[in-house]
Amino acid sequence: MAQAISVSLPTPPPTYHHQSKPLPPHHARGPPPPPPRLLTTTTTLSASLRAADSFRDGRLLVSLLRQCADLLHREEEDAEGVSSARRLAPQLHSLVVRSGRSRDPHVACALVDLLARLGRGASGRRLLHEAEKEEAKDAVLWNKHVAMLAEAEEWGEAIAVFREMQARGVAADGYTCARVLHACGRAGALREGKAVHAHALKAGADAHALVPGFLAGMYAENADVAAARLVLEAAAPESVVPWNAVVACCARLGLVDDALDLAERMARAGPDPNMATWNTVLSGCSRNGRDLDAFGVVRSMLEQGLLPDATTVSSLLKSVANSGLLAHGMEVHSFFLRHQLEPDVYTGTAFVDMYAKCGRLDYAQKVFDALELRNLTTWNSLIAGYANADQFDRALELVEAMKRNRLDPDISTWNGLITGYSMSGQSSQAVLLIRQIKALGVTPNVVSWTSLISGTCHNGEYEDSFYFFGEMLKDGVQPSSVTMSIMLRACAGLALLKKGKELHCFALRRAYDDDMVVRTALIDMYSKAGGLTSAKRIFEGVQKNNLVSCNAMLTGLAVHGQGHEAIKLFHDMCSSGLKPDSITFTALLTACRSLELITEGWEYFDSMENRYGVTPTVENYACMVDLLARCGYLDEAMDFIKRSPVKAASLWGALLTGCSIHGNLALAEMAARKLFKLEPYNSANYLQMVSLYEREQMYDEAESLKYAMKARELDTRPGWSWTQIGQSIHVFEVDGKPHPDTAEIYEELIRLIFQIRKAGYVPDTSCISYNVPEEEKEKLLLSHTEKLAITYGLIHSDASRAPIRVIKNTRMCNDCHEVAKHISALCDQQIILRDADRFHHFADGKCSCNDCW
């Protein structure tokens, strides 16, 4: 075996003497000395340099550079050697330059490796670039340059250099093709990746051991899992590593169905999935809300004979915590104890977190107390659990206990408390805590502010969400993609289309629109704010939509009355391999209601369990009752409720609404009696019956219900409508403060009513329940808030003919619906109105709901 060369380069360089002393005879030398350490003496190097003429190919320099680079790589094993290597590496660089071999391809590559180990990758890349100018077609230099750029994660540069390399006719080896394929995958450059694939096939580089794995990974990174699978199956690699790489890629991108399919294919046809395979899929399920699928993954592991490890348990517990399935979590805990798995601080923390999120703080506390090792995350999980349960005194006691255990609370500790305060409606307390931690020298981060904004949005305090978002920006904290999705949800809640567009531009400037969560939030916001065209454009621009984005688009189409498009989208998503869930069918049944498709509605409802394996939820049963009742099939709706395994208030509420629309007093009274027991403090049920009694001129019964409401101190929700003019919101309330321009609005409205009467409009006073003359009822119709908002929008409409947008908090009455249709025809003006049930698009005297709402 060749002995390692040990050298030390003094500065200035020593004078070399060519005389050598004769060695003593072998028997007089004694035992041979140990081999000298690398770069610790100068004699061997001096001798090597004197003989440098014999190494005209630079092999000696290559060897020295590589040994120095290897020493730098073994920092933990040999700290002394690394120190020497760091000191002498610049001198080796100088030696390469002085010897005139810096343009030697092999020497240059070895020097680049050394510079990279020293953290001077940019210098190495400059060196390669200069060398390439002189050796324009040297494959070694070009291949090294591409590989180095890819290893430095400079994906775009690696692809550009590879493209130039091809243009110069330089041959790429298999390793370079593999690295540039990796770069194409991480850069999302599918077109360039396909070109590299073609090049590898032509040059025969696809035979390299690394190419199939990186090629499959490139397709997977670009969400073309079918192509990735074809590559793996064609290469038929015996190793599980490339398959695992593609599975991991799918899990990271949220393509959980593809990850599950690949793992199942591996189990069927090989290579056999290992623990890493299943743990990767399990992690993808827990991160992407596929909590029920996570249990199926563990079942597959056990069927294969693999025993779950601590990583498996930790991922599975995350799914349990997300879904709140306490019984499943306790089964996992029992399995863990039964098989005597090695407990550690991570699994212990996962159990504490799971029990806390499932609402069993007593169990979480017991696990916490039994842990021998606790880290900061363990404490934070329990503190957050108490905070989310509104037990703030206990949470603060734990903070003090942390300090006594010599653990200082970090920002995650405080964020748990901020989340608890804001979600419980105590946003003022959360703001106070943010100010207090600032005083302690702790800087609130994006999670702190996002937790505060999320809590206010969750509680319907949308105006506060916008205020705190502004405070966050003033504080110099840049919002994350999660923050943006929450703010878009606030825009959807208030139907603020202009503010939503501003946030969309904000997201575009920060490249958040590529995030699937943000894109889905944009689709939802535009759908709920009346910008369905924009929602469609974003949806169609997504390369591969997931179930959540499809559900958002389906719901948008349904509430806008575009039922046929919703049904087509449902069949398209099923054809693409997406499995619908209960939310999908809620949107689908809503679409059927807008088109009065009774037969199709029954078919879709029956297919939920029979064909798609989806268990109907309360919302699905309520949608079916709503479909039947609104279309006049009240007896069928009643029979459906009796046969339904669900006995929720929402089913009777849907029946009461249908009875109110069609004037069936007997069934309405039956539904109302059920609702008064199930929801004794819901004023909407009382008001609906009061309106129905007054319409039927049963004033004594109506007064009796009003008295019952007063006795129970029920608050009635005042009716209101609003429209936005420029940057101002103009609200019109039933019993609120009158609008400053009330006189002008009524003058214009009376003029419009006079004009549309000529076109055949007849006032529908059936919605006026007061016992007054017909003329008085017609006057009362004029005060309906949606009429005032539409009229005010017309007064301030400009030459752009932009649609007038009105938001209303209750169901639109028949008369206002007719007036809006006539005004749209008379003024050639599109009107978009969102009431409590759906969107109405009025244009040319017609409404998108086809008079069924």
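A Cβ is built for glycine as well, from the same backbone N, Cα and C atoms used for every other residue.
Among the features that TrEMBL reports, compositional bias 'Basic residues' is placed at 18-29.
Sequence annotations record features per position, and here TrEMBL assigns domain 'DYW' to 760-853. For the domain 'DYW' (760-853), the predicted model reports an average pLDDT of 86.
As annotated by TrEMBL, region 'Disordered' applies to 1-37.
DSSP states for the repeat 'PPR' (138-172), grouped as helix (H, G, I), strand (E, B) and coil, give 26 helix, 0 strand, 9 coil. Among the features that TrEMBL reports, repeat 'PPR' is placed at 138-172 (among others).
Positions annotated as repeat 'PPR' by TrEMBL: 239-273 (among others). Long-range contacts of the repeat 'PPR' (239-273) within its own chain (CB-CB distance under 8 A, at least 6 residues past either end) are made by residues 185, 212-213, 216-217, 220-221, 223, 225, 228-229, 232, 280-281, 283-285, 287-288, 290, 293, 296-297, 300, 304, 516, 544, 546, 577-579.
The repeat 'PPR' feature in TrEMBL is assigned to 274-308 (among others).
Here TrEMBL flags 375-409 (among others) as repeat 'PPR'. When Cβ-Cβ distances below 8 Å are used as the criterion, the repeat 'PPR' (375-409) is approached by residues 345, 348-349, 352-353, 355-357, 359, 361, 364-365, 368, 416-417, 419-421, 423-424 of the same chain, each at least six residues removed from its ends.
Across the repeat 'PPR' (410-444), DSSP classifies residues as 26 helix, 0 strand, 9 coil. What TrEMBL lists as repeat 'PPR' is 410-444 (among others).
Here the repeat 'PPR' (445-479) has long-range neighbours at 411-412, 414-415, 418-419, 421-425, 427, 430-431, 434, 486-487, 489-490, 493-494, 499, 510, meaning same-chain residues at least 6 beyond its ends whose C-beta is under 8 angstroms from one of its own. Under the heading repeat 'PPR', TrEMBL lists 445-479 (among others).
Per DSSP, the secondary structure of the repeat 'PPR' (546-580) breaks down as 26 helix, 0 strand, 9 coil. Summarising the annotation, TrEMBL assigns repeat 'PPR' to 546-580 (among others).
With helix defined as DSSP H, G or I and strand as E or B, the repeat 'PPR' (445-479) counts 26 helix, 0 strand, 9 coil. Through the fold, the repeat 'PPR' (546-580) approaches residues 254-255, 257, 516, 519-520, 523-524, 526-528, 532, 535-536, 539, 586-588, 590-592, 594-595, 597, 600, 612, 614, 838-841, 848-850 of its own chain, all at least 6 residues removed from its boundaries and within a Cβ separation under 8 Å. The helix, strand and coil residue counts that DSSP assigns across the repeat 'PPR' (239-273) are 26 helix, 0 strand, 9 coil.
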